[in-house]
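> The following block contains the structure, expressed as structure tokens.
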Amino acid sequence: MAKTSMVAKQQKKQKFQVREYTRCERCGRPHSVYRKFKLCRICFRELAYKGQIPGVRKASW
């Protein structure tokens, strides 16, 4: 889990647009966040395996 202070800091409107960055909405992780789902890779994987993300299936070929 991310520090509460860092999550609060990120939610404030930034003075410059360049300073904004994505965070996982579930755990607050700042790295490897999928923009489309607003989830980090770890949370995405957990929810995908449980079938809680509509339209996502395990790949097989």
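Placement of Cβ uses the backbone N, Cα and C atoms for every residue, glycine included.
Keep in mind that this is a model prediction, so the values were computed, not measured.
Per Swiss-Prot, the features are:
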- Cys24, Cys27, Cys40, Cys43: Zn(2+) binding site (BINDING)
> Taking the centroid of the Cβ atoms of Cys24, Cys27, Cys40, Cys43 (Zn(2+) site), which other same-chain residues have Cβ within 8 Å of it?
Glu25, Arg26, Gly28, Arg29, Val33, Leu39, Arg41, Ile42, Phe44
> Where's the emptiest Cβ shell within 10 Å among the binding-site residues Cys24, Cys27?
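Output over binding-site residues Cys24, Cys27: least Cβ neighbours within 10 Å is Cys27.
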> What is the number of other Cβ atoms found within 10 Å of the Cβ of Cys43 (Zn(2+) binding site)?
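That number is 20.
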> Same-chain residues six or more away whose CB lies under 8 A from the CB of Cys40 (Zn(2+) binding site)?
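Listed in sequence order: Cys24, Arg26, Cys27, Arg29, His31, Ser32, Val33, Tyr34.
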